[in-house]
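Novice: Pasting the relevant annotations from Swiss-Prot:
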BINDING   G181, D182, V183, G184, F185, G186, K187, T188  ATP binding site
DOMAIN    168-329  domain 'Helicase ATP-binding'
DOMAIN    350-504  domain 'Helicase C-terminal'
MOTIF     282-285  motif 'DEEH box'
Amino acid sequence: MLIKSLVQKNQVYFTNNSLDEKNICDLSKLKINQPIVHFEHGVGRYQGLTTVTTRNIKTECVVINYAQNSKLYVPITYLYLISRYIGTSKKDIPLHRLGNDLWNKEKKKANEKAYDSAAILLNIYSHRISQKGFSFKKHHTKYKIFCERFPFTLTPDQDSAINSVLSDMYKSTPMDRLVCGDVGFGKTEVAMRATFLAVCNQKQVAILVPTTLLAQQHFNNFTLRFKYWSTKIEILSRFQSETKCNEIINNVNIGNVHVLIGTHKILLKNLKWKNLGLLIVDEEHRFGVHHKEQIKLISNNIDVLTLTATPIPRTLNMAFVGIRDLSIIATPPKQRLIVKTFVREFSYTVIRKAILREILRGGQVYYIYNNVNKIERKKIELKKLVPEANIRIGHGQLRSTDLESIMNDFYHKRFNVLVCSTIIETGIDIPNVNTIIIENANNFGLAQLHQLRGRVGRSQHQAYAWLLVPSLKDIKSDAKKRIDAITSIESFGSCFELANRDLEIRGIGEILGNNQSGHITKIGFSLYMKLLMNAVRNIKNGYYKPLNDIINTYPKIELNVSNLLPDSYIKKVNHRLFFYNKIATSNNFLDLEKIRLTLCKNFGNLPNSGDYLIKIAKIRLISKKIGVKKIKSDVKGGYIEFFEDSKINIQNLLKEFKKEKNCWKFDTSNRLRFSKNFKNNSERIDWILNMLININN
């Protein structure tokens, strides 16, 4: 009851769950007939936006088509009920019937599965936080000197990620943090600073990477970065002889090696670390199940830092629900240019022009040809085509000494075209290489294409990626989707969008396995993530809430005013939907004011209906925070209805009563009615917003 709850002076803590909504449930890129999920009605097909007028009040609605050609009109103020459908191939996407009970049954079953998954995830989490780890001590002076020798300026996201990692390491609970950022965005510097802190605390560091070439590159970079410090850094890969490997292993075991970088070889059983304190895993998804089990064995009770440019669903699941800590690096280094991507049918003319353009400006070229048996023939073919180029080949079947020599020569610009397999896919960083040509790009996965494209554009020069396919007409459906996706995802910090598109193309079943994914395909990945996060919250708090409570916690705001961005203000539908989505997923007033400024800057002063839209979003935010269930109002007054378990600051509410004593009265135990003659809608909305702010303060 409200009267009882008024006595409780506890303030409600409002959590920021925007991460999943902004990156997984982004509606702004919807296309006509694309599948979409409504929480209460199921999976339909998006049909665009339309303006609906009721009693001279205009609102814009999302139109969703359901089975039997039924249509549902969803006001943009209820966008929180909608999410993109991600889950299975196009032909298998469900289409529900309005008014049919099947959707509720599927949703209920998925919710039960979400609770099962949440229990497993929380068990992992509770095991981790119950472990006693090492609390790293700060070494201010040394650390400051180390940081000052970094030759670049940190981006804000880099700085934030580093601070989060160090904060984790200072705690006695073992760190388990994922740093997610696009290729070339500075994840390695985060790892280096964590490594430095560990070494200062006399702890050993293991850096696990998926490929020999990446291990060699990390070894070179770490050696250069630590050259002013007495830090012993070694590398363990197939580039070393057996004798050298045994020598390194022995030195690790007795503590003479401080940092060991390597492939899966660093998981060998005969490695007995003397004082391992930090494990850094680069591109975790590249390791198989067996290697991941070995990682678990060596990572017990130590801090673990994982770096990735291509997050996978399970990793995202654990990060989004708070089981793993997550840092995102989404801002590029200064002067970094977006890689220009072109799709062309295989053409010798295109290849010659692309190679010549690059080498004539003093640059270098990767030519990806993923058929090792014929790669020598391809080199000869390209040499005839572009005699001006100095061409060599590189692939994983070469002797380790030969491959190391080739990559070293390429790095030092001793030749300018490398015809290679996907061995260069992960992490190789050669700033002078600014053109990549991928032959038979239709045969590569989306994440692979993204990683390969990330090998170029590592400097201030404009970089180019050429995706060559045998035929644009005959390309298979899924391959076309991958090619279309990689060309459309050109913006910086697009790793989350990449993960979503990969889910859309491959389907949940292929990525998570059919046993785990059946219930997800029926409701979509976006909604499943909401159910999972809700389940985790409820289990943590020790209760089970009904399914509908997920939505019922959102207050209903009915103020009888037009609140929309009219097409006379923003003409393009998807631009309006973009801003509607941004407003709907904002979690604080500052974000909403930034949206207001962006709108004014790009489209001019907001019309009244746009101003009301943003203010109503603020009213909804603060109403949710203080436990308001519904607000209904017109020009003569209205009422505020509270949830029974609302926790309101009684003193602040009494202050509001005293300001306008004749304005208020309770008409039920949970409903507070107000009577007031407002001059206009603007005054009324401002009054309601300010009143809620005063109650909350």
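Residue numbers in this text run from 1 along the chain shown.
Yeah, the Cβs are placed from backbone N, Cα and C, and that goes for glycine too.
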Novice: Under a three-state reduction of DSSP output, how is K187 (ATP binding site) classified: helix, strand, or coil?
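Specialist: DSSP assigns K187 (ATP binding site) to helix.
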Novice: Around the C-beta of G181 (ATP binding site), how many further C-beta atoms are within 10 angstroms, looking at every protein chain?
Specialist: 26
Novice: List, in sequence order, the residues of the same chain other than G181, D182, V183, G184, F185, G186, K187, T188 whose Cβ lies within 8 Å of the centroid of the Cβ atoms of the recorded ATP site.
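Specialist: What remains near the Cβ centre is A309, I329.
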Novice: For the domain 'Helicase ATP-binding' (168-329), what's the mean pLDDT in this predicted model?
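Specialist: When the pLDDT values over the domain 'Helicase ATP-binding' (168-329) are averaged, the result is 86.
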Novice: Highest CB neighbour count within 10 A among the binding-site residues G184, F185?
Specialist: F185
Novice: Under DSSP, the motif 'DEEH box' (282-285) has how many residues in helix, strand and coil?
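Specialist: Output for the motif 'DEEH box' (282-285) reads 2 helix, 1 strand, 1 coil.
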